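Participant: Sending over a structure as structure tokens; questions will come in a sec.
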């Protein structure tokens, strides 16, 4: 009986080792290496000039087949054929209307049933089997914990078997944590190599050829990649100090993330700049001399066989991967472990970093549209809308009642921090005239019941009012329907919540970005006078999601210029657009 158990444990350990090698292969090759690409052994140079060998050569010697073209599929299918359950974790949402495809959300676990094709794997999720894109998932560093031996034993052996089972479970937990720690360290070292290749292999060479690249072009293509490289080298040094080479499961790396969490904010600038970098590169790559130049740079630096746009995508992918790695590390870190509290806090911190980057990107996309919207408003007065606001939260028609009891039909636009009032043109109902704005930071919302209002001494229905905290001035509004009033009340509450969340997250749009948006809006207007030119695109009207639901979803299989188009889950179109489009000036 014990011989059978021992043989089974050896087989499980061999499969676990194979899986670890496979996962290390994915870590070293990263998600960007194509199936027909190769890699070269490399070394990491730290700030002191010393070199630390990466684990790539050892990996090749230990299991060279898994690093050959198609090797990862071979290893997965071998594990499956041996009767093992192979699970993958979804990195991104996969929404499909095809019955032959498997839909899932980020974080879902999919059982891989067949992986012969490098692009599409066959898997099972929630009792459904179908195809799913391999690039949307990552194999778990640790598969499901090895099941406890279920072979029945005689009563006199039960105590001894239970003791051995507890010992094996403890060892398995340690091994699983070791696997995750090693993955974090390996991917971090390889990532530094990628950053160094970008800075030294591409950027440095580009700067030497002033006839081919302008300073502005290089700033667009590479962004602040050098700042990221410098920061990541320091971060890796901190990780190396906390890494226990002899017993990796004892490593306490959570503090490294917490101490550097503010530094990760530099990724925001890079991610915001990335779509422009892709566009600039695409234009250059239309010319053969640039294609040959970048390929020569790659060969000279002995970089792996992927294009420059693939390298430039790595920082975007990296900042998305940290929360996933920390979540898996937390899973295999017991509460008694010295690093448990730090890992838990680091996981939340890195989720917030990714959330902050995503929110900034979304706001940058919205301010351009808001600037163009302002240019369409006739007779705009005072500060630009972008001086204080960056998002349209709600809009619609309301009846404003003055102190004298007069009613004014107005179109209102609720942005963060301010409520803008406009009047429709009597003949051209799609033209708007600026009539004023209210500072929402100074206002208190008061819901009114149907009946006579004491302040105005008028009978009102579907009404609410805004009261100034500083001047006690009252602004009374009436909606046409009860549902419209309810939407306005909710929108005002959402506006206050969003302002608070933005303050907590440190969400700010720089003055340069605001000025650039206004300049672009003026160019779109072909130099017409302010307030009289056409607005080609309405300001974005986005539903509000709680912070924990704002996440980056960036499939690597889509063209890179579309990466940020998938920054949030798709939402059904709002009827808001049907009403708003009627309020934009006539198109020529």
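Keep in mind that glycine also has a Cβ here, set from the backbone N, Cα and C atoms.
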Participant: According to TrEMBL, which of these ranges is region 'Disordered': 148-171, 172-195, 196-219?
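Facilitator: From TrEMBL, the annotated region 'Disordered' range turns out to be 148-171.
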Participant: Mind checking how the domain 'SH3' (83-142) divides into helix, strand and coil residues in DSSP?
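Facilitator: Helix, strand, coil within the domain 'SH3' (83-142): 3 helix, 29 strand, 28 coil.
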Participant: When secondary structure is assigned with DSSP, how many helix, strand and coil residues does the domain 'PH' (391-497) contain?
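Facilitator: Residue counts in helix, strand and coil order: 19 helix, 56 strand, 32 coil.
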